[in-house]
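Record features, source Swiss-Prot:
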type     : residues : note
DISULFID : 41-104   : disulfide bond
REGION   : 22-41    : region 'Framework-1'
REGION   : 42-49    : region 'Complementarity-determining-1'
REGION   : 50-65    : region 'Framework-2'
REGION   : 66-72    : region 'Complementarity-determining-2'
REGION   : 73-104   : region 'Framework-3'
REGION   : 105-113  : region 'Complementarity-determining-3'
SIGNAL   : 1-21     : signal peptide
(Lines of atoms letter the chains of each structure in order from A and count residues from 1; the text may use other names and numbers.)
(Lines give C-alpha, C1' and ligand atoms only; values in the text may rest on other atoms or scores of the structure.)
Protein backbone atom coordinates (compact mmCIF):
# COMPACT_ATOMS: atom_id res chain seq x y z
CA UNK A 1 0.00 0.00 0.00
CA UNK A 2 1.30 3.46 -0.87
CA UNK A 3 1.15 6.24 1.67
CA UNK A 4 0.46 9.84 0.76
CA UNK A 5 3.00 12.19 2.33
CA UNK A 6 1.83 14.57 5.01
CA UNK A 7 2.66 18.24 4.75
CA UNK A 8 3.51 19.76 8.10
CA UNK A 9 3.80 23.50 7.62
CA UNK A 10 5.79 25.36 10.23
CA UNK A 11 5.93 29.04 11.10
CA UNK A 12 8.14 31.06 13.42
CA UNK A 13 6.54 33.09 16.18
CA UNK A 14 7.97 35.16 19.00
CA UNK A 15 6.63 36.15 22.37
CA UNK A 16 7.70 37.08 25.86
CA UNK A 17 9.77 40.14 25.09
CA UNK A 18 9.43 43.64 23.71
CA UNK A 19 12.50 42.96 21.62
CA UNK A 20 11.57 40.75 18.71
CA UNK A 21 14.04 37.93 18.21
CA UNK A 22 14.60 36.34 14.83
CA UNK A 23 13.51 32.71 14.82
CA UNK A 24 14.38 30.44 11.94
CA UNK A 25 12.27 27.45 10.91
CA UNK A 26 11.92 25.46 7.70
CA UNK A 27 8.94 26.55 5.60
CA UNK A 28 7.49 23.05 5.40
CA UNK A 29 8.23 19.45 6.25
CA UNK A 30 6.70 16.38 4.65
CA UNK A 31 6.61 12.82 5.92
CA UNK A 32 4.89 9.50 5.44
CA UNK A 33 2.74 8.05 8.22
CA UNK A 34 4.84 6.13 10.71
CA UNK A 35 7.99 8.13 10.09
CA UNK A 36 9.74 10.33 12.63
CA UNK A 37 9.68 14.05 11.93
CA UNK A 38 12.01 16.63 13.43
CA UNK A 39 11.22 20.34 13.13
CA UNK A 40 13.84 22.81 14.29
CA UNK A 41 13.67 26.40 15.46
CA UNK A 42 16.76 28.53 15.99
CA UNK A 43 17.07 31.77 17.90
CA UNK A 44 18.73 33.44 20.85
CA UNK A 45 16.20 32.78 23.62
CA UNK A 46 16.39 30.46 26.60
CA UNK A 47 12.94 28.87 26.38
CA UNK A 48 10.94 27.56 23.44
CA UNK A 49 7.45 26.25 22.98
CA UNK A 50 5.70 24.41 20.17
CA UNK A 51 2.12 24.92 19.08
CA UNK A 52 -0.14 23.09 16.62
CA UNK A 53 -2.93 24.71 14.60
CA UNK A 54 -5.07 22.31 12.58
CA UNK A 55 -7.43 24.80 10.92
CA UNK A 56 -7.05 28.47 10.01
CA UNK A 57 -8.63 30.65 12.67
CA UNK A 58 -8.69 27.88 15.26
CA UNK A 59 -6.86 28.25 18.57
CA UNK A 60 -3.36 26.76 18.58
CA UNK A 61 -2.77 23.85 20.94
CA UNK A 62 0.33 23.85 23.13
CA UNK A 63 2.39 20.73 22.41
CA UNK A 64 5.58 21.60 24.30
CA UNK A 65 6.48 24.39 26.71
CA UNK A 66 9.78 25.37 28.34
CA UNK A 67 11.76 23.36 25.77
CA UNK A 68 10.84 19.87 26.93
CA UNK A 69 7.62 19.88 28.94
CA UNK A 70 4.53 18.25 27.43
CA UNK A 71 1.01 18.95 28.74
CA UNK A 72 -0.76 15.86 30.06
CA UNK A 73 -3.31 15.84 27.23
CA UNK A 74 -0.68 15.70 24.48
CA UNK A 75 0.33 12.26 23.10
CA UNK A 76 3.79 11.03 24.00
CA UNK A 77 4.78 10.87 20.33
CA UNK A 78 5.39 14.63 20.61
CA UNK A 79 8.61 15.58 22.38
CA UNK A 80 10.80 18.63 22.64
CA UNK A 81 14.50 19.21 23.12
CA UNK A 82 16.99 22.06 22.99
CA UNK A 83 20.68 22.07 22.16
CA UNK A 84 22.53 25.35 22.10
CA UNK A 85 20.42 27.87 20.20
CA UNK A 86 18.28 25.26 18.44
CA UNK A 87 15.02 23.81 19.72
CA UNK A 88 13.59 20.67 18.15
CA UNK A 89 10.08 19.26 18.03
CA UNK A 90 10.12 15.52 17.36
CA UNK A 91 7.01 13.65 16.24
CA UNK A 92 7.65 9.92 16.52
CA UNK A 93 5.40 7.73 14.38
CA UNK A 94 3.67 10.62 12.67
CA UNK A 95 -0.03 10.12 11.97
CA UNK A 96 -2.30 11.55 9.29
CA UNK A 97 -4.04 13.55 12.00
CA UNK A 98 -0.77 15.38 12.70
CA UNK A 99 -1.04 17.36 9.47
CA UNK A 100 -1.17 20.94 10.69
CA UNK A 101 0.67 24.22 11.01
CA UNK A 102 3.28 24.13 13.76
CA UNK A 103 4.47 27.28 15.47
CA UNK A 104 7.63 27.83 17.44
CA UNK A 105 7.55 30.45 20.18
CA UNK A 106 10.31 31.77 22.40
CA UNK A 107 10.75 33.63 25.65
CA UNK A 108 13.54 34.82 27.90
CA UNK A 109 12.09 33.21 31.01
CA UNK A 110 10.28 30.01 31.90
CA UNK A 111 6.49 30.02 31.70
CA UNK A 112 6.43 28.27 35.07
CA UNK A 113 8.73 30.73 36.84
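Yeah, the Cβs are placed from backbone N, Cα and C, and that goes for glycine too.
The highest number of surrounding Cβ atoms within 10 Å, among the disulfide-bonded residues 41, 104, is found at 41. Mean pLDDT across the region 'Framework-1' (22-41) comes to 77 in this model.
The region 'Complementarity-determining-2' (66-72): residue composition by secondary structure is 0 helix, 1 strand, 6 coil, according to DSSP.
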